[in-house]
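Colleague: Pulled these from TrEMBL:
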TRANSMEM  6-31  transmembrane segment
TRANSMEM  43-62  transmembrane segment
TRANSMEM  86-106  transmembrane segment
TRANSMEM  118-140  transmembrane segment
TRANSMEM  175-197  transmembrane segment
TRANSMEM  217-238  transmembrane segment
């Protein structure tokens, strides 16, 4: 292994860790505030649904039947299951589900609920998945067709999920309740992932990783663009960090201490 291959390997592990850790700051912030005020329920639900699709997609390739169907459609080439992809998808699904669960437990605003467009998206996606399962069970389509549809849903969600949160920040003129740390980690992972892609392509002289999958590359750029938007919202447009939820908790705590001192 030469120096550039080592650099590429290190970059790969760093962006993998950055993306994996990026799910925790929001859950930790919700716990400290005992509230999800300022957080888009659409964003949370899109995340859970998207990573459920991604987990099912990756796990299914452990099946010999799925691999056979894949080889039949891809000139005999197998789809190698990468353990880190499986771990990342399942880990992201679990922590995203936990964060969504927090929205049912902690304080939230009366208007914090799933929007009608999100309901429509999930309804259509669920109906499509159920139809695919029924057709696969009756041998009208192959199971890999279902997996392709799951991957399409994940790609669509990768674009859609940030829109409700960005709009919510705009409406509130504030990013309080939305963790900027998950964005900084996500942006770091995106930059490093893109750097590795270009580094590997330059070493091998094969740029198909960039030109051969423009959708995947474009989605990565789209995600980083939203990261930049959130950074601008947080550090430039809406710089007020006044958190009424934490202020209220501190006031209640101070009042409780005063009552205890008075009773003593």
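Each Cβ is built from the backbone N, Cα and C atoms, and glycine gets one as well.
Keep in mind that TrEMBL annotations are predicted by a computer and have not been checked by a curator.
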Colleague: Counting only CB pairs under 8 A, let me know which of 43-62, 118-140, 175-197, 217-238 has the most with the transmembrane segment (86-106).
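Modeller: Selected stretch: 43-62, with the most Cβ pairs under 8 Å.
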Colleague: Counting only residues 6+ away from its ends, which parts of the chain sit with a Cβ under 8 Å from the transmembrane segment (6-31)?
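Modeller: Distal contacts: 39, 84, 88, 91-92, 95-96, 98-99, 102, 106, 177-179, 181-183, 185-186, 188-190, 192-193, 195-196, 199-200, 203.
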Colleague: In terms of Cβ proximity under 8 Å, which residues at least six beyond the ends of the transmembrane segment (43-62) contact it?
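Modeller: Non-local partners: 70, 79, 81, 85-86, 89-90, 92-93, 96-97, 99-100, 103, 114, 118, 122, 125, 143, 147, 150-151, 153-154, 157-158, 160-162, 164-165.
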Colleague: Would you mind listing the long-range same-chain contacts of the transmembrane segment (175-197), meaning Cβ under 8 Å and 6+ residues beyond its ends?
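Modeller: Long-range Cβ neighbours of the transmembrane segment (175-197): 8, 11-12, 14-16, 18-19, 21-26, 28-29, 33, 35-39, 165, 168-169, 209-210, 217, 220-221, 223-224, 227-228, 230-231, 233-235, 238, 240-245.
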Colleague: Residue list, the transmembrane segment (217-238) vs rest of chain: Cβ under 8 Å, 6 or more residues beyond ends.
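Modeller: For the transmembrane segment (217-238), the sequence-distant neighbours (Cβ-Cβ under 8 Å, at least 6 residues beyond its ends) are 155, 158-159, 162, 165-166, 169-170, 172-175, 178, 180, 183-184, 186-187, 190-191, 193-194, 197, 210.
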